[in-house]
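Student: The following feature annotations were taken from TrEMBL:
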ACT_SITE  Asp69  active site, proton acceptor
ACT_SITE  Asp138  active site, for ring-opening step
ACT_SITE  His140  active site, proton acceptor
ACT_SITE  Glu145  active site, for ring-opening step
DOMAIN    11-226  domain 'Glucosamine/galactosamine-6-phosphate isomerase'
SITE      Ser148  site 'Part of the allosteric site'
SITE      Arg155  site 'Part of the allosteric site'
SITE      Lys157  site 'Part of the allosteric site'
SITE      Thr158  site 'Part of the allosteric site'
Amino acid sequence: MEIVILDGVDAVDRTAADIVERTVRTTQKSTPVLGLATGSTPVGTYRELARRHRDEGLSFSHCRAFLLDEYIGLARSAEQSYFSFIRENFVDHVDLDDAAVFSPDGEAHDIAAEAQRYDAAIAEAGGIDVQILGIGTDGHIGFNEPGSSLRSRTRVKTLTEQTRTDNARFFDSPDAVPHHVLTQGLATIDEARHLVLIATGESKAEAVAAAVEGPLSAHCPASVIQWHPHVSVLLDDAAASSLALAEYYRYAYANKPRWQHL
Ligand code: F6R
């Protein structure tokens with residue numbers, strides 16, 4: 001696990017974009033598979049990737065992408081659906097084929113079957129090469145809320161009131177935030193080859209500290225990343241402000257050998 005504390009949100013966005021770009025350009029697979037988080041945090045990264053597409057010829061035409069999660073019972077056409085969100089904030093601005101962008105169907109009649117189908121689709125695509133993750137203020141990744149099994153697969157979860165309140169800003173009223181979601185499980189996420197967790201702002205500081213310095217525990221689902229062999233945690237100063245070993249992480253990154261990528 002590499003914890004990288006960067007100077008401002010723009011540096012976080014650029015560094016996350018660098019990792020995605022390297023995966024897209026250098027992976028040996030003919031079809032690199034991107035794991036895309038939604039929510040506010042990665043929007044700047046997606047904007048930077050779209051800029052590189054426009055100005056520097058970075059192409060996603062050979063890629064596939066899988067989203068982490070979706071609200072249950074919200075039409076895909078609703079602007080708050082993650083299906084719509086990722087198109088508005090990323091897919092519509094690059095040359096990624098719309099048909100190659102997959103997300104759990106929160107309107108499926110048989111939600112349990114849809115969850116199994118989604119995990120199978122990820123496996124069939126050869127697994128996810130790089131997975132972008134945000135983190136909830138309660139320590140969720142995907143929508144794996146506290147108490148989630150560390151070996152969970154894609155399934156239904158009930159959002160905490162804290163998450164519904166945090167996400168109310170995207171909806172007309174707090175009551176409009178759905179209670180249920182379909183989310184990749186922690187084991188599903190853990191199978192991605194490279195996890196890139198991004199967090200910015202003070203509101204994420206406690207969750208970040210619990211995830212990377214606390215015990216591995218279902219109480220903080222993001223702590224599951226401590227098991228993973230290739231994790232980059234990209235933080236601004238505010239999100240890093242509760243870390244006990246912040247000075248060591250800064251020192252290690254400043255002295256990182258040039259040949260060693262994130
Ligand atoms: C979204 C997702 C969530 C968000 C998290 C943080 O696909 O999986 O885990 O990453 O809720 O959301 P923001 O970035 O809006 O603070």
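Backbone N, Cα and C define each Cβ position, glycine as well.
On a predicted model such as this, the values are computed, not experimentally measured, just so you know.
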Student: Quick one, of the active-site residues Asp69, Glu145, which Cβ has the fewest other Cβ within 10 Å?
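Tutor: Glu145, out of the active-site residues Asp69, Glu145, has the fewest neighbouring Cβ atoms within 10 Å.
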Student: Below 8 Å Cβ to Cβ and six or more residues apart, same chain only. Which residues does that give for Ser148 (site 'Part of the allosteric site')?
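Tutor: Once residues fewer than 6 apart are set aside, Ser148 (site 'Part of the allosteric site') is near His140, Lys157, Gly185, Leu186, Ala218, Pro221.
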Student: Pick out which of the recorded positions His140, Arg155, Lys157 has the most other Cβ atoms within 10 Å of its own Cβ.
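Tutor: Comparing the recorded positions His140, Arg155, Lys157, the most crowded Cβ belongs to His140.
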Student: Find the one among the recorded positions Asp138, Glu145, Arg155, Thr158 whose C-alpha lies closest to that of Asp69 (active site, proton acceptor).
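Tutor: Closest candidate to Asp69 (active site, proton acceptor), judged by Cα separation, is Arg155.
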Student: Within its own chain, what residues at least 6 apart in sequence put their Cβ under 8 Å from the Cβ of Thr158 (site 'Part of the allosteric site'), listed in sequence order?
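Tutor: Set apart from Thr158 (site 'Part of the allosteric site') by at least 6 residues yet with Cβ under 8 Å, we have Glu145, His179, His180.
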Student: Rounded to a whole number, how many Å is the Cα of Asp138 (active site, for ring-opening step) away from the Cα of Arg155 (site 'Part of the allosteric site')?
Tutor: 19
Student: Secondary structure at Ser148 (site 'Part of the allosteric site') (DSSP, helix/strand/coil)?
Tutor: coil
